There are 2 protein chains.
Amino acid sequence: MAPKKICVIGSGNWGSAIAMIVGTNAMKALNTFNQTVNMYVYEEIVDGQKLSDIINNEHENVKYLPGRKLPANVVAVPSLENAAMDADILIFVIPHQYVKTICTCLSGLVKPTTIAISLIKGFEKTESGSIELISHLIHDMLKIEVCVLMGANLANEVADGQFCETTIGCKNRKYNGMLKELFETPFFRVSIVDDAETVEICGALKNIVACAAGFCDGLLLGDNTKAAIIRLGLMEMISFVNLFHSTSRLSTFFESCGIADLVTTCYGGRNRRIAEAFVKSAKPLAVLERDMLNGQKLQGPITAEEVNVFLKYKNAEERFPLFTTVHKICIGTIKAEKLVDSLRDHPVHQLGLKSNL
Amino acid sequence: MAPKKICVIGSGNWGSAIAMIVGTNAMKALNTFNQTVNMYVYEEIVDGQKLSDIINNEHENVKYLPGRKLPANVVAVPSLENAAMDADILIFVIPHQYVKTICTCLSGLVKPTTIAISLIKGFEKTESGSIELISHLIHDMLKIEVCVLMGANLANEVADGQFCETTIGCKNRKYNGMLKELFETPFFRVSIVDDAETVEICGALKNIVACAAGFCDGLLLGDNTKAAIIRLGLMEMISFVNLFHSTSRLSTFFESCGIADLVTTCYGGRNRRIAEAFVKSAKPLAVLERDMLNGQKLQGPITAEEVNVFLKYKNAEERFPLFTTVHKICIGTIKAEKLVDSLRDHPVHQLGLKSNL
């Protein structure tokens, strides 16, 4: 078989970090992968130069992953069509609000044998007033197999080669060997499970919990309260997966995509950081996002809103007091100080995990 | 029925905090509890005065929980026998190395209808070269029902009334109502499960993982690595419970005693703090314990040693690389820098949770 052509769609902080890994792995697996890895770059002008030119000349994404070198075989391509042309492997790593546009552009260009791996956190709102998974949206629009990769993977630390784990959700075992070859390194340990929907939903929902953790930090509530918020958030994640998609397995929540990613995000991620600043500064989230994130998008409040759409659709808001309260705090209808009051009589205190399974 | 007499055995940081809760709750439940709550105090001289006198005059444990007032109905008693006389409820909250001595003193004095609640973290080494649970030791020595209370409960924050959760493991449901009345407050939420052994083992093992988290912090390995350590630690906790005690339920690890306590301890606890200092200062653990803990005992290294005794007994050290490595780092046979290398090819990366269940 011909070596597979890889295209990374996205070149933000995480997109650039994952391009470092797959670029390096492609060079090591001459027979499996084409040696050139395309990286689609949404063109911007940085200090008077095109970002794609900077990346191709200096092998560094100076805007989104400064200070780390990309392998020379990662080539920035500012045209989506050219980047994805003939790709056998598409790695989606863009903010979730752009997926539909990207897939519309790719529709008809992608081979039916291509496999996509989505690293995207979030949901897509549907016309029927509910939500659907990003992986399902990609599958429906491009008619290709889609798996997901999620885990406790803050991009800068992955780029620095700090040891971590990740989880790939893939329903078709025939891809497992290729996926390990593509993503695993001595410092980036890959576990593959077939409960792909749970993996993906965990990646989206953890950002809501991280907002609650950030509010908790902003209110100086301490470690015990934060641990309770993380636990109750995890319980709502489990309930939500079972409400949204009835076939999840509890063991998946023990993978890196579950508790590990939740913990990292609640201690080190940007949703936590902005939510903390929201409480301490009393500035609107949009202002903090603009001032503190250097053009990156905040996923937690958007995901909280999408999840709220679904909970209303299912008439289940009361069973998810943490998710519901985070949404209300983000849109300003209740104060962050009310967060703990909403958790004092949480349904799981009466019913435990049994209520959700 | 006569109101039940409560005795808290122990008056350290956590003992004093829990005495605040049960003292307050006893006053609210006139029919259920005797209004005086005895607290056994191991007598010390603080600034020329007996600690028990200070507590009874100033209603403050100035040494172990300074700055917080105990309810006036909590009475410090320096004689164990007098404190525990006629008690219906014994709350054990002492370092685990003193349990045998305390129970030897109490043996024969305790009514057969008395119930004990153990808040003690750790194991007891047996003469046969294995280990046993502290709750089983208390049960065997005093011939009374023993349940356990564990959770994400850093003592100072509980004493400050910060919202948190806790887990009680109790096999006999007839006590559930009384236990809620005794321990639950608007800021201290109690869940009761009957999988008591898992609750207790979680409370002991998390201190080993916290040492690993502290080494990770001392080595500046970042949030991703710390999340991986916490997750792999949790996986070893699950494996260990199943090796030690075959009837655990996975759902118990989602209670406060499981992931929540693990997270709090790995971010805010003293085992983490001392382990970090161990890496950064290169001083022996015993020196750091003396200099940094104000007379409190460090449980993680002792528990790591006890667990290692059991793993050797079961010929299972290789299946627990994190627990084993923490023990070896604590006793100085390997360097903390080797921690991550021991986790790179962790058994769960190949087998996942299935290997443990």
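For all residues, glycine too, the Cβ spot is worked out from N, Cα and C.
Any TrEMBL annotation is an automated prediction that lacks curation.
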_TrEMBL substrate site partner of A:Arg270, A:Asn271, selected from A:Lys121, A:Lys125, A:Lys143_ = A:Lys121
*Same NAD(+) site as A:Gly10, A:Ser11, A:Gly12, A:Asn13, A:Trp14, A:Gly15, A:Arg270, A:Lys297, A:Gln299 according to TrEMBL: which of A:Ala155, A:Ala159?*
A:Ala155
*If you count Cβ atoms within 10 Å of the Cβ of A:Trp14 (NAD(+) binding site), leaving out that atom itself, what do you get?*
23
_Cα-Cα distance linking A:Lys121 (substrate binding site) and A:Lys206 (active site, proton acceptor), given in Å to the nearest integer_ = 9
*Taking CB atoms only, which of the recorded positions A:Gly10, A:Gly12, A:Lys121, A:Ala155, A:Lys206 fall under 8 A from chain B?*
none
*Among the binding-site residues listed here, A:Gly10, A:Gly12, whose Cβ has the fewest other Cβ atoms inside 10 Å?*
A:Gly12
_Candidate with the highest Cβ count within 10 Å, taken from the recorded positions A:Lys121, A:Lys206, A:Arg270, A:Lys297_ = A:Lys206
*A:Lys297 (NAD(+) binding site) and A:Lys121 (substrate binding site), Cα-Cα, nearest whole angstrom*: 11
*Round to the nearest Å and give the CA-to-CA distance linking A:Lys297 (NAD(+) binding site) with A:Arg270 (substrate binding site).*
10
*Measuring Cα to Cα, tell me the gap between A:Asn271 (substrate binding site) and A:Gly10 (NAD(+) binding site) in whole angstrom.*
20
